[in-house]
Amino acid sequence: MDEYISFATSPTHLPTLLAISLLLGLGKGGVPGLATVATSATVLTAPAHIVGGLGYAVALMVPILTMIDVYAAWLHGEALDWKTVWLLLPSSVAGMVLGGLVDSYLTDQGARLLVGIILLGILALRTWKDVAIYLFPSYAIRHQLSGDTKEYKTIEAKGSDDEGDHGEEAIWLIQSSTDAEDRQHHVDVEGGVGAKQKHNTVKNTTRRKTQPSTTPTTKILWACTVGLIGGAATMLTNSMGPILNVYLLSIAELSPQSYIGTRAMFFCFLNIGKLPIRFMGGTLGVEMLPLAAGLGAVSVVGVFCAKPIMLGMDENTFVRLELGVVGFAGLRLCYMGVVS
């Protein structure tokens, strides 16, 4: 651990950690994609010449994430689905224990290979619908697929773990749907009785789509699966977020407000639980806390700087950046795990 602390505080690597912490704060504050970029950069820049360097690098981020998530839970704790939180926690804790055991037995080379596979899996989760729409448009139309890359990231980022204009974002999502229906109604009124009947059909279809389509048994099975996989992933790379989003949005079918609060509270519990596991595993120690506190202060600055950046950003650029970095990091780590 002393060797890693010396490396982390060296003039050559400390600027990298400061940049990663700033990106993490910006991502947690709502800038699309940057939290995932920070996670990928953490594992990609972990020192390969230090035994256990990857574990130390990932563990160093846990106190920083905990500070931000505690604030997020306080900020968004009123609008959440407690049933979903309690449903996910047991299997997630089991996944964390499993991930900790796997991490303790893996060599650094094996850990990099596994982390690379996890990152590529996350990339597949994020992009499979867009790829299907591009390569198989008839299939996409038949199964009513819609591209997730932009929509999904907007909800994930602005409704992520922490500070951000979450309330306005949730209102915007609902208002967009209402405005679209109002525009359709305006056209239908001009079109007459036939168009009005069409409008009623559209409204009924919309209502049917908003009704829950997943059975309780399916939700439980998915919660166990997501918890185990995500819990292991969060112990290895702090990268459960994209996996959790798939469950909250597609399986649990939470509203934007419930999604924001549920995600924040869940990660608050999860990261607090990771602290003792990291301490007992030897990848986090009291000696690392001063460094973590300093990097955490940088992340907090990033959180407060996120909103001005969001107001003038090109979201597609950030989404492409995120996907590119995740893909590069996954391939690079797989290469390092196989060749090194």
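In case you wondered, yes, glycine gets a Cβ from its N, Cα and C as well.
All TrEMBL annotations are machine predictions without curation.
Annotation source TrEMBL lists transmembrane segment at 55-74, 86-107, 113-136, 220-240, 289-311, 317-335.
For the transmembrane segment (317-335), same-chain residues at least 6 beyond its ends with a Cβ under 8 Å from one of its own Cβ atoms are 31-34, 36-37, 40-41, 43-44, 112-113, 115-120, 122-123, 126-127, 149-150, 153.
Ranked by number of Cβ pairs under 8 Å to the transmembrane segment (113-136), the listed stretches 55-74, 86-107, 220-240, 289-311 are led by 220-240.
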